[in-house]
Structure formats: C-alpha cells, structure tokens
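Encoded as structure tokens, the structure appears first; notes follow it.
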Amino acid sequence: MKKRNKGLVEQTTTEKNNFSRKTAWKVFWWVIILAVVIGVLAYIFSPRAATAVVESWKLNGGSNSTLTAKVSGFSNELTFKQINGSTYVTDTILQVSITFDGLNSPLTVTAHKTVNSNGNVIFNIANLSINQSNGQITVNSNGTMMNGGSSNNTKSIAGFETLGTFIAPDTRARDVLNGLFGLLPIIIFVVFFLLFWRSARGISAGGREEDNIFSIGKTQAKLAKSTVKFTNIAGLQEEKHELLEIVDYLKNPLKYAQMGARSPRGVILYGPPGTGKTLLAKAVAGEAGVPFFQSTGSGFEDMLVGVGAKRVRDLFNKAKKAAPCIIFIDEIDSVGSKRGRVELSSYSVVEQTLNQLLAEMDGFTSRTGVVVMAATNRLDVLDDALLRPGRFDRHIQINLPDIKEREGILKVHAENKNLSSKISLLDVAKRTPGFSGAQLENVINEATLLAVRDNRTTININDIDEAIDRVIAGPAKKSRVISDEDRKLVAYHEAGHALVGLHVHSNDEVQKITIIPRGQAGGYTLSTPKSGDLNLKRKSDLLAMIATAMGGRAAEEEIYGNLEITTGASSDFYKATNIARAMVTQLGMSKLGQVQYVPSQGTLPSNVKLYSEQTAKDIDNEINFIIEEQYKKAKTIIKSNRKELELLVEALLIAETILKSDIDFIHKNTKLPPEILLQKQEQQAKQKLNKSEVKPESETNS
C-alpha cells in the first residue's frame, strides 16, 4: 500500500552535527595536551647540566691524599671514566669545583690553597669513584710540592672542612621516570576504565547512546520528523478519512477542549503485513507536522527485570515534553499480548511492561497532546484492557488492496520508471490478487532490475510477468537439468490442476500454467478471482479449491498408475487439508454442525483443546471425508476430459508457459492455439535441420 519513501527526517541530524563539532573541539584540545606533554618530556630528557650542593668534604694530606665529599643530588647508578685535573690548596679557603658535561664525559675536580712561605702545592687527581654503600664520593689524588718542600706539608691541612659547589648531571629525568613507573598501574587502570565507560555508553559509535549498559532503562524509540503525506499513499480512502480526525486534533487541540470532548488517546492499525500500517502512522505525523516517536514492541524488553516498564515511562516522559506528538509502537503484540497466555517464567516480566503501558495510556498522570498509534498483524492476541476505549479508542483494519487500489499503488511506484506503453497496470492489478502494497512495490522493482540486467532502458511486459512469478514462487531454475520424462510428468501434474479448475464451479479462473522450476516446485498453476476480490468464500468455492489442489495427484494416478505417483503433491495436500480443517472446525461447513471447535488463531495455547477425544476423531474423519470426495471429483474430471488434458500437456511441453488466452482457447475448442502450433512447427523444422546436419560415420567415411 505504500510508496517507497524514507518519509522520516531524523531530528538526530542536528545532534550529529553538534556531536561532530564537539568532537572536533575535543580532538583539538587533545592535540594541544599531547603537544604540551611531548614538550615537557623533551625538556626532561634533553642532555644538560644542573647544580647540586656539596654538603661536606675532607682532604687528608700526604703523598696519597684523598678527598671525600658528600654531594646531594647524586645517585648510585652513575659511573665515571678516568678523571684528570688539578687540585689547588689555599691557606684559608679551600674551593672545589667539579664540571660535568654528560654522563660519559670526563669529570674535572679542582681544589686551590695558598701556603705563606712555600708557594703553591699542586695535586694531580688520578681517579674518582663512588662508594655505593654510603653514597659518598671518594677522590684519590697524588700531590707534588712545586717549591721542593716535603709532602708532609700537605698533612697540615688535614681535617679542614668547608662547603663548596658541585656541577653534576641532572637527575630529575630519572626521578620523573621512577615516579611515572610507580604511577603506571594506576594510569593503566584509569585508561581501561575510561575506555570501558566510553564503549559502554556507545560514544565511539557516532555518539549514540543506544544498546549500552548505561542506557538500559532508556527508551529505544527514535524521534523523527515525518515528511510523508496522505497523497503519498494510494488507496485506503476510508482509513485515511478516519485518521484525519487525529490530524485535526494534533493541529487544533483547543477546539476539542472547548467543546468538552475527550481527546483521542490511541489508534491501533491491524491487518496483514505489508499493507501500509506504518506508512499511515507516518502520514498522520507528516500531515499534523508533529514529532514522531517510533518504537517496536520488542524494544521495551531486555534481559533485566523491570527494564521494560522503565523504558515505557521514559518514552512517555519524553513524549510529554515534545507534545503535541505521536508515539508509534510497531508489532505491539510482542508486549501487549493477553495476560495469562504465557508461561510463568516470562509472565511477570511481560506483565510489568504491559501494566506500565496501560497506566501511561490511561492512568492518573495526564498526557495531553500525546497520541499513541500502534500496528499489529494479530489483533486477536492483544489484551482486552489495552483495546478498551480510553486507551486505543479507534481500531482501524487495513486490508489487502482490491483491484482498484492495486492499480493505484502500481501507478505510485511506477512514477519514476520507464514502462513500455504496451503495459496496462490494470491488467497487472488483475493478475496480482492478494498482493500487499509491499509485494506490488517489489514487483515493479524486480521488473526494473530485470531490465537493467539486460541493459535495457524500458521495462516490458515480459519483465512484469517474470517479476510476478519471482514474487509468487521465487526465481526460475532454468539451469536445472530435468529429463524429458520428468518434464512430461510435471506437465501432467500442472495440467491436472488447471483442468480441474476449468471444470469445477468456482469464482476462480486459471490465469497461467508453467513447468519452469521455481524454488522447490517443478512448476505452478495460477488462479485468480473472476470478479473483484471477495473476502467471503462460499462453500462451493472452498470445495472447488480442494478439488483443484487434488487435480495434480489425480492426473498422475490416471496417467502413470497408483505406484508411480510422486511427492510433488505434498504442498497440495497441505493446502487442501487446511481448507478442509477450517471448514470443519471453524466455519461450520460439515456434518458436525454449526459449531466452532477451534477459536481464532492465537486465542488459546496450542496444547489446549475445547473438545473431547471422540469429537477429535469425528473431526479427523470429516476432514478425510471432504478431501476424499473432492479427490474422486478431480479424478472424474480428468477421466472425462482426457483429450483436453493431453492438449494442455502438449502446449506446456512446447511453450513451457501458457497464459489465460491459450488456456481458454484449448478449453473451448479442444485444439491447440495458432501461436502454439506455430511454435511446434518451428521446433519440428529445427529438429529436422539438426538431424540432417548429423550424418552417420559410415557415410562420412565412404
């Protein structure tokens, strides 16, 4: 029922733009921070000298004098090479300067002293070593008197102590690294926690906070702005008229309040899948120009108890803030099923969510301006409390489109397609009874794909035919290897369906027969209603459908015998049995009377029966009786019209697919149509030509 239109402009587009800008600023600041960190580290690790204070030193005189100094800022990991330098000792002041230009560079220690009568004393420093046990620096030196005095003069300065300065390698880098290594476990823990927190919130996936541990209790509904209008929807005139009142209320709520009318609380759309229920809800929001919260029934539930009820509250709280607006819950049967029909293990969880939904729709809290719309394929399974007035006031059934609506839907979807002028969309609509709007859209799309595949710019009638077959039975299996005997057997089977359908009293007429394999089927026969699309079926129509379904097996048995029947009739039996069972247990069309033994599907668990064992046997016997009677009828038709059967088979073997015009010609005239005869003559001529070109080997050798 619907045109393929996105129809929703998510308001999260603005949020995504804001998120992009925020992300850009975050990236910018992270780059700045990273640059600062790199600069600090570069400063820390750059090779340079720093100053440390010599806390104390002592020079013991003698020929092998030693200089012991305790220096702050030194660490035991330092090692030094051979040290060369000079030491000057003065009478009153002893100064020590140690220069260091790198970890592995030579170290020079200089001491100076002036002696009154003897001149200067020079000491040559041989080496410098570190005593790792006490952290003191020990300098071993050899001294020589320049004025010829004895080395005992050097002992006169023993015990002299003072302070000095020490130029040493910078140890702050080493200290910073030690501190960082100490903080490393904490940093790793913080980083992992931040990563977990960000991933749990879903920030890495475009900034959306869906399906994460921190938003378990938040609604999964998407807030959007609908652009769909009623003009985008073909058909459904009565349904759209009903929904216009909702549109008017959302546009003019004061008009209803002044009249004292209670505002519509909810609308539930129900019907077969693909009929346009979701599109209608979008159209209401688009016509009213209000926000549209779209959710699914299964989106409320989660593995944790109580999450469903919390998400319902969150959804309605957001809707109240955005009022006037529409809440649309698709497949509401997953959360609104009748209470008491589920097993105890899941009952309490589902009931909590449903109870919260009931309270929000008609409870103590006001929700003026919020209209709830829902869609389901199974209205019969919904809880009665959910369907009562005050919650879902309107129940609108969305049926499969009739022939007029199908034509309109096809026109909507063919607007931007280049269809051949020979294609009549009315004829296509006649050939697609029971198709939903989604299936009709798929027919047009498949036909377009077939044209593109053949590098054509125009869609022809053959593309439409193939597209319909694809939607009904799947793509053709033309590459499947089938023997001539199996091909002939399939032709008899499908011709049997068609022949019985032509001779029974029914509202259906045979439209097409094909023996081209599709999916699991070797072929199929298509029948459509003669006049319109009847929702009501007569008993004669149902019996005719059973007889037609049994026609394939009847033809096999008539031609090949009881021992040569095949498994090709399994789907036919399934169809016939379902029709017969419905006639007996639901429709009151049997000898058991006007009683419904099986309520509407879904109202009771499958293991619960409302009848006795004897009644169950009577039901089975009556179903078997109906099917056997129609099978006998099908066999009688096959035997009485054997010639017509053979003509249908011959036409199928020649053309593989025959349409209604050819089928009706054979049925009325009991002979092949001219088009089929022409194809037969062409095939015979081709076979003769092939035989004449293939000469026996003996003739060639002679």
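Cβ coordinates are placed from backbone N, Cα and C, and glycine is handled just like the others.
The feature active site is assigned by Swiss-Prot to Glu494. As annotated by Swiss-Prot, ATP binding site applies to Gly271, Pro272, Pro273, Gly274, Thr275, Gly276, Lys277, Thr278. Under the heading compositional bias 'Basic and acidic residues', Swiss-Prot lists 690-702. The region 'Disordered' feature in Swiss-Prot is assigned to 682-702. Residues annotated as topological domain 'Cytoplasmic' in Swiss-Prot, with sequence analysis given as evidence: 1-26, 197-702. Per Swiss-Prot, topological domain 'Extracellular' is recorded for 48-175, and the stated evidence type is sequence analysis. For 27-47, 176-196, the entry in Swiss-Prot reads transmembrane segment.
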I'm trying to understand the geometry here, so how far is the Cα atom of Thr275 (ATP binding site) from the Cα atom of Glu494 (active site), in Å to the nearest whole number? 31
Inter-residue C-alpha distance, Thr278 (ATP binding site) and the residue listed as 'active site' (nearest angstrom): 39
Roughly how many angstrom lie between the C-alpha atoms of Gly276 (ATP binding site) and Glu494 (active site)? 34
Do you know offhand how many angstrom separate Gly271 (ATP binding site) and the residue listed as 'active site' by C-alpha? 32
Listed in sequence order, residues with CB under 8 A of Pro272 (ATP binding site) and six or more positions away: Asn377, Ile398, Asn399, Leu400, Ser436
Rounded to the nearest angstrom, how far is the Cα of the residue listed as 'active site' from the Cα of Lys277 (ATP binding site)? 37
If you count the other Cβ atoms within 10 Å of each Cβ, which of the binding-site residues Gly271, Pro273, Gly274, Gly276 comes out on top? Gly276
Could you state the CA-to-CA distance between Glu494 (active site) and Gly274 (ATP binding site) to the nearest Å? 30
Which one of these binding-site residues, Thr275, Thr278, has the sparsest Cβ neighbourhood, judged by other Cβ atoms within 10 angstroms? Thr278
Within 10 Å of the Cβ of Lys277 (ATP binding site), how many other Cβ atoms are there? 27
